[in-house]
């Protein structure tokens with residue numbers, strides 16, 4: 001369990017994290033989403049006691065992190081890949097960390113084996129690829145067999161097999177009743193593994209709760225209607241709060257009306273429908289919609305697309 | 001890396017991660033001896049550390065032999081020290097302290113440069129034990145090695161001087177053993193100064209520049225000042241204070257060996273205390 005209460009972090013003039021409050025519960029994978037610069041990494045560093053909050057509190061398993069006797073057994077974290085001296089081997093890096101908490105050599109070899117680094121564990125880490133660095137970071141997160149696992153962008157640089165492995169690992173960890181808190185910018189990945197979702201933008205909480213609710217609430221949900229009388233149907237449906245777009249002839253995407261309502265109106269007007277299909281918003285669409293105003297670094301192409309009228 | 005093995009062993013691996021078999025047996029706790037152990041593993045697992053320590057020992061002994069074979073020949077430095085054979089054979093200490101100071105910087109600022117400090121502080125979130133652990137490991141390893149180096153330089157230097165029929169000193173002569181201990185203390189202390197400055201500045205290049213400046217450049221600069229200033233400040237510079245307890249004979253304008261040691265200790269305590277305060281307070 002991670003409890004964040006009114007947490008703020010100020011760097012000079014900039015409020016990186018702004019009175020943020022949320023709880024990460026055990027037993028499920030909780031995704032942590034936000035645009036670049038939203039404050040995800042800063043929040044995670046404050047949970048680990050690495051950055052000092054400007055105000056507010058973080059409690060990890062009921063206490064501030066630094067008050068735990070065996071920190072590595074409390075949280076295992078991957079905050080940045082390759083947080084290792086390039087001249088030191090993965091084995092010695094892990095052995096040193098393990099020694100501080102009284103974790104034995106056997107466990108070090110075990111986590112190295114688990115992440116698939118056995119063959120390179122004795123080599124200097126300077127030559128590691130990003131993916132190998134990630135595996136090493138994950139190994140150090142698992143070192144203390146922690147009750148909470150917190151990973152910042154764990155799939156970065158991993159090959160497809162590695163991604164699959166992480167996905168299974170995180171689900172298993174959650175199934176065992178552990179708290180699993182994962183940030184990622186890969187929405188498709190998040191949609192697959194996360195059950196709960198915490199979304200922040202500009203340091204503020206935008207949404208917290210089950211991922212399914214988050215997606216369902218999105219107005220990006222639309223109904224696709226195919227009809228030989230598309231023109232007539234469009235005139236019939238367009239109105240207050242309803243928008244109709246057409247991607248190809250005979251096909252309409254309707255937002256703001258339920259499928260049943262569309263079907264009934266069409267039937268009443270005697271229009272023929274060939275298809276009536278509810279398109280659930282993707283997590284990505286729901287996310288974009290929620291964070292549109294909270295994006296720190298806009299790419300100019302986004303604005304182009306928006307004004308160009310073919311957005312989405 | 002064997003990605004194939006990883007892929008096929010998914011199921012077992014995950015079992016192992018999380019199953020009770022993999023669970024470290026109880027008693028997990030951060031204790032100070034364990035933090036010291038961590039720092040010891042870090043020190044011995046870097047080749048650069050071992051190289052630097054070896055180079056330091058070689059410098060102390062090698063330069064001691066060189067100075068001893070050049071002194072009085074009209075080619076070497078330190079002609080004035082002719083009356084003090086001990087300090088001739090310890091002529092390499094000042095230069096070697098540069099190497100130890102850099103090593104101290106690398107031990108602390110190097111962790112910031114590589115990002116490994118965050119892994120370390122995540123494992124030991126109370127932070128201060130990490131600094132004291134580094135200090136203890138560095139002090140013990142440094143002192144033992146540097147005492148061996150100083151002793152080696154002295155014995156080798158004296159045998160060179162003796163072969164050249166020049167005045168020599170014996171280990172049992174008054175002040176000689178103290179000077180050798182003093183050399184080891186200075187070398188170790190220079191490393192600890194580097195370590196503390198590395199924590200304060202968290203930047204390898206900046207910390208090395210600062211320490212080199214304070215230990216090597218400043219004494220030269222001070223000598224350019226009017227002599228009244230020089231006399232007032234000079235003896236209290238770290239390297240000059242150290243010279244006072246590394247010499248068998250102290251010259252008129254330097255401190256006594258006791259005061260020299262006290263001044264040097266004050267530098268160390270102040271820097272380490274500053275490092276501790278900032279380490280505790282700052283974002284990692």
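Note: Cβ is positioned from N, Cα and C throughout, glycine not excepted.
Note that TrEMBL annotation is computational and uncurated.
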What range among B:90-110, B:237-257 does TrEMBL record as transmembrane segment?
B:90-110
Which one of B:10-31, B:208-229 shows up in TrEMBL as transmembrane segment?
B:208-229
Annotated stretches the transmembrane segment (B:208-229) and the transmembrane segment (B:131-156) touching (3 or more Cβ pairs under 8 Å)
no
Sort out the residues at least 6 away from either end of the transmembrane segment (B:50-70), same chain, that have Cβ-Cβ distances under 8 Å to it, and list them.
44, 76-78, 85, 88-93, 95-96, 99-100, 102-103, 106, 141, 145-146, 148-150, 152-154, 156-158, 160-161, 164, 183, 187
Cβ under 8 Å, sequence separation of at least 6 from the ends of the transmembrane segment (B:176-201): give me the contacting residues as numbers and ranges.
56, 60, 86-87, 90, 93, 96-98, 100-110, 112, 131, 134-135, 138-139, 142-143, 146-147, 149-151, 154, 169-170, 207-208, 210-211, 214-215, 238-239, 242, 245-248, 257, 261, 264, 267-268, 271-272, 274-275, 278-279
